[in-house]
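Following: one structure in structure tokens, then a few remarks.
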């Protein structure tokens, strides 16, 4: 497999820029609606979530899917019109409210049974998270992301040089932004909420993406050692093509079980797997088209009249 990297450099950057703009736009709309870049789940905002499933779902003979507007009207009738409502796989209902005591919960279940149909009491799930715990969990997740990025910068600076580290971080931030933008869109269009597993997914994506980038950078360094008289673009193109098959195969084999989890897993695991699929695909793309071309541009700009030389750091 042969890729003419710099032939596709401009189209790749145009696509990347469009995806970044779409992601930022989606997160801006989410911020206006939810005061967060995506629809926050119970883990982050706190409150109580009540999940119920229609009794007919077990025998697969329900006459119609649950209608969100109808549920909102019923909840409004019991004084809970400001609840967040989500329908899962047509026949399962998830209701989130900041406060939902026992009396309110019983009133909701009674109203829903009368207005929509009989819900199976054995499938009822109730989760409660305090607002303080939710905020602390969010802060801990963000702190973990920041620490991981700082650790990557230090590691890559020691193993290679600072400019390698900077452009690798730019590629990682791109992967995180694209994944967050996708879930901002899912939240706006499909009501998908983000929970603590999403932060775990972002950390996993960062680790996967930096691994791809390190492999390519390692080939860049080796090629510079052997061919210090080569043009920088030639060096980068050669390094990318040496690792291209490996990057694609690794991504595909990693994504196959994630696709299975997405198709057959529970709701939380389903969107966790989807985040990883998006992030891993973005990681392969950014390590090939972003981290490398940025580094090549910087090296040519820094010494345009000099033949490329590399001060190789010993690992």
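Counting starts with 1 at the first residue shown.
Each residue, glycine too, has its Cβ placed from N, Cα and C.
Note on Swiss-Prot: of 271-291, 292-312, the range annotated with the feature transmembrane segment is 271-291. Swiss-Prot tags one of the stretches 115-135, 136-156 as transmembrane segment, and that stretch is 136-156.
Listed by sequence, the residues of this chain that lie at least six past the ends of the transmembrane segment (136-156) yet keep a Cβ under 8 A from its Cβ atoms are 43-44, 164-166, 168-169, 172, 176, 196, 199, 202-203, 206-207, 210, 214, 217. Same-chain neighbours of the transmembrane segment (247-267): 1, 88, 208, 212, 215-216, 273-274, 276-277, 280-281, 283-284, 287-288, counting only residues six or more beyond its ends whose CB sits under 8 Å from a CB of the stretch.
Long-range neighbours of the transmembrane segment (271-291) within the same chain, counting only residues 6 or more positions beyond its ends whose Cβ lies under 8 Å from a Cβ of the stretch, are 3, 5, 8-9, 12-13, 16, 167-168, 170-172, 174-176, 178-179, 182-183, 186, 192, 197-198, 200-202, 204-205, 208-209, 212-213, 216-217, 240, 244, 247-248, 251, 254-255, 258-259, 261-262, 265.
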